[in-house]
Amino acid sequence: MADALANQLNNTSLGEANSEMRWREQLNMPAKDARPQTEDVTATKGLEFEDFYIKRELMMGIFEAGFEKPSPIQEETIPVALTGRDILARAKNGTGKTAAFVIPTLERINPKSTKTQALILVPTRELALQTSQVCKTLGKHLGINVMVTTGGTGLMDDIIRLNDAVHILVGTPGRVLDLASKGVADLSECPTFVMDEADKLLSPEFTPVIEQLLSFHPKDRQVMLFSATFPLIVKSFKDKHMRNPYEINLMDELTLRGITQYYAFVEEKQKVHCLNTLFSKLQINQSIIFCNSTNRVELLAKKITELGYSCFYSHARMLQQHRNRVFHDFRNGVCRNLVCSDLLTRGIDIQAVNVVINFDFPKNAETYLHRIGRSGRFGHLGLAINLINWDDRFNLYKIEQELGTEIQPIPQNIDKKLYVYDSPETIPRPISNPSQPRQITNTPANTSTADRRHHNHPNNGQYQFNRGRGSYRGRGQGQRRSAQTETNKFGHPQGQHSGKTSTAPVS
């Protein structure tokens, strides 16, 4: 009798073990990312996601999204967040901060309740879309509803959606406050309050809104703040609104180890020529090019297209639906280059970006840090190139000193090992659309301009502005602008505008 019970118990244990192994084998796992990684994400304690004792359904979403092991910020944050304690976390850009708060937030959601149980605030609309998509992807087996709400979209649509159960609300502060003030978004039983890019959200323009939003939450809420930089204003918020927060600081150095930084002294009128040279010499998978103003963004995007390179652009003055489309298409590899303002400096995660170019050098170290952090995501390699004029030399020195980093003069030839991967096809597709194939391919650097134009565009070299898309791709009418003649910031007249963008030279 005892032997029979022992055999039955042994068979049951083996069956459970086999079942434990089988559930992972049945997952729709993405191809393994074979690119090397730096210690920014590999210097861990050796924990596995299973060590956090989270729901199997959540682990299924984690593994199917391509996550393999937790990064340092995830190791430090997830176990503490699961206890409900307030957290103040500081870590480098691109090291896994989003998953560090999304995973414990998802774990604590009760899908049987119809109440909103978590509010995640971010400073920009693009980051709100990206964060909500991460929540949906990781939590796709949990049976929960995630809603994103931002300014620039119809308020009535949000009101209709909030009539149904919304477990996690992701949005920008102004729109969420509007919904809460109208009694549409009920946060009275919402125990989790998360702020990503908290330094931006606690700037003077947002702080009053944040404090009003907190008043709609229960007093025993959990508050979690995440950012790469924490100014003094964060300490003031912590002392006023957080209860004995667990503080995490993984910023032993400020810049990502995988990003190589260079500068080139260039006269203003030679910047476009220098950019053209970089395009012809570098092996770019995808690049983001930053300008300091929206006017320069549009002018530069047009000039890049005239040089024969595919190009999108995005800035804050565009309609939200157009910004969303540009962001979506660029993430999915429709276009190789994106020119933008500082709209996309925070949190935007596009794994395929291996080159960031500061066409206009930023004015402060914080902006510089966030800009270059768009490459080298999650411990991978990247390149940051800064085009410096004579007036920028003091900012260059100041930023080097404040960040404790070295920005080197650009060499004649840049070693491809610093930013190029042996197998670029192994770069993960966007988490928001893992099934959509990439549409860009590598163009040889020595290809002629005409060949590049044919390679990058299916439109036989016609480069009218694609209305409403923020891209110069050869379709549609131009965006109408002021008809009066004005002088652009490159020192040249923009001319008359009548439905097409100006053909004035950028340099």
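From the backbone N, Cα and C atoms, a Cβ is placed for every residue, glycine too.
Computed from a predicted structure; not experimentally measured.
Taken from Swiss-Prot, the feature region 'Disordered' applies to 1-20 (among others).
Taken from Swiss-Prot, the feature compositional bias 'Polar residues' covers 7-16 (among others).
Model confidence over the motif 'Q motif' (47-75) stands at 91, taken as the mean pLDDT rounded to a whole number. The motif 'Q motif' annotation in Swiss-Prot covers 47-75.
Residues or ranges marked as domain 'Helicase ATP-binding' by Swiss-Prot on the basis of sequence analysis: 78-248.
The ATP binding site annotation in Swiss-Prot covers ALA91, LYS92, ASN93, GLY94, THR95, GLY96, LYS97, THR98 and is backed by sequence analysis.
DSSP states for the motif 'DEAD box' (196-199), grouped as helix (H, G, I), strand (E, B) and coil, give 2 helix, 1 strand, 1 coil. Annotated motif 'DEAD box' per Swiss-Prot: 196-199, in sequence order.
Sequence annotations record features per position, and here Swiss-Prot assigns domain 'Helicase C-terminal' to 258-418.
Marked as region 'Disordered' by Swiss-Prot: 425-507 (among others).
What Swiss-Prot lists as compositional bias 'Polar residues' is 432-449 (among others).
Taken from Swiss-Prot, the feature compositional bias 'Polar residues' covers 495-507 (among others).
In the structure as shown, the Cβ atom of LYS97 (ATP binding site) sits within 10 Å of 25 other Cβ atoms. Sorted by the number of other CB atoms within 10 A, the binding-site residues ASN93, THR98 start with THR98, the lowest.
Ranking the binding-site residues GLY94, GLY96 by C-beta neighbours within 10 Å puts GLY94 at the top.
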